[in-house]
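Let me begin by presenting the structure, written as structure tokens, before commenting on it.
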Amino acid sequence: MLRWCNLQVVKCFKCMERAADTFTGVAGPFFVGFACLLMGTGALVFFEIIAPGLPWPLITVPLCLLIASNLLAHYYYVCTTRPGTPNDGLGTGEGRGWSWAPKRGGNGVQWSPVNLADVSRESMPKCNKCQGLKPERTHHCRINQCVGLRNERHFILFMLYFVVATFCFVIAGYQKVWPALDFGIHSWPYRTPEMVYLIIYILCLALGLAVSVMLLWNIYQIGKGVTTVEGYDHGIYADRAQSRGETFVNSYDLGFIKNLAYFFNVIPSGYPLWVLLLPLRTAPYTDGFVWARRHGYTKHGGLLNGEEMTDDED
């Protein structure tokens with residue numbers, strides 16, 4: 001009887017999970033459109049009310065335009081760049097055109113001490129759902145729906161420029177808050193209503209703080225050389241290794257700065273650092289089959305064969 005109840009509870013949760021996935025898929029375009037509306041409105045309000053009063057306008061206004069263009073462009077790239085799958089045959093997904101950043105043209109992607117160990121595709125496990133190849137650092141096919149290998153840099157840059165944009169709005173627009181709170185007592189010489197300005201200001205303050213926390217957490221994980229799932233798994237690996245008197249070593253951790261460089265592909269064979277300041281497309285340094293590891297490592301240190309965890313597949 002108890003086992004039957006457990007099975008029913010599991011089935012119930014799976015039904016709820018599928019319903020949530022369906023709702024998210026249907027509501028996704030609405031949320032994307034709503035985000036575009038809010039960001040577009042915020043940009044218009046900023047350049048109508050705040051930008052004309054900025055000091056040194058020949059410098060500050062172009063900088064604000066650059067921040068706004070980066071914000072909107074990277075959001076567009078996140079939404080329109082497919083995250084990628086091991087079986088799509090697109091490699092790094094690098095393209096050509098005016099929106100793509102120029103590469104440095106260096107030879108090789110190896111920075112000592114780094115090991116780029118190739119893995120035989122014949123030896124790779126397969127996804128239980130789609131039977132496609134499942135290289136290391138990949139997750140279940142149904143999870144890979146939003147942010148992945150090919151658009152993750154744009155996601156981080158979007159959050160970065162979102163935080164910068166909201167910070168600029170809150171700081172530069174502070175003096176306009178008090179006149180807006182008068183609600184008609186004093187003249188309000190702008191087309192945007194006072195209430196709209198106040199709502200956008202409050203949203204910038206609240207969302208800017210929330211996204212700042214999310215951005216810092218993601219930067220920390222990138223600097224540690226782990227994905228979100230790996231971050232949880234590595235804690236378990238470390239405990240297991242410690243119980244044997246060993247130390248767990250993340251073979252993907254090249255050091256904080258180098259991890260960031262590989263993530264954004266601003267390595268000698270990748271893109272110059274200044275492309276991060278412009279609204280340009282960039283590709284990852286890897287196709288998802290070959291990953292940079294610490295020199296001398298082909299797998300994690302302190303981890304025995306068979307101990308590595310995999311995604312929970314039903």
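Don't overthink the numbers, they just go from 1 along the chain as shown.
In case you wondered, yes, glycine gets a Cβ from its N, Cα and C as well.
What TrEMBL lists as domain 'Palmitoyltransferase DHHC' is 143-232. Assigned with DSSP, the residues of the domain 'Palmitoyltransferase DHHC' (143-232) fall into helix, strand and coil as follows: 65 helix, 0 strand, 25 coil.
Residues of the same chain lying 6 or more positions beyond the ends of the transmembrane segment (26-50) and with a Cβ under 8 Å from any Cβ of it are 64, 68, 71-72, 75, 79, 165, 168-169, 172-173, 176, 190-192, 196-197, 200, 203-204. For 26-50 (among others), the entry in TrEMBL reads transmembrane segment.
Sequence-remote contacts of a segment are chain residues at least 6 beyond its ends whose Cβ falls under 8 Å from one of its Cβ atoms, and for the transmembrane segment (56-77) they are 35-36, 39-40, 43, 46-47, 151, 154-155, 157-158, 161-162, 164-165, 168, 277-281. For 56-77 (among others), the entry in TrEMBL reads transmembrane segment.
Packing against the transmembrane segment (155-175) from elsewhere in the chain are residues 42, 46, 49-50, 53-54, 64, 67-68, 70-71, 74-75, 77-78, 147, 197, 200-201, 204-205, 207-208, 211-212, 214-215, 218-219, 222, 263-264, 276: each is 6 or more residues past its ends and has a CB under 8 Å from a CB in it. Among the features that TrEMBL reports, transmembrane segment is placed at 155-175 (among others).
Feature annotation from TrEMBL assigns transmembrane segment to 195-217 (among others).
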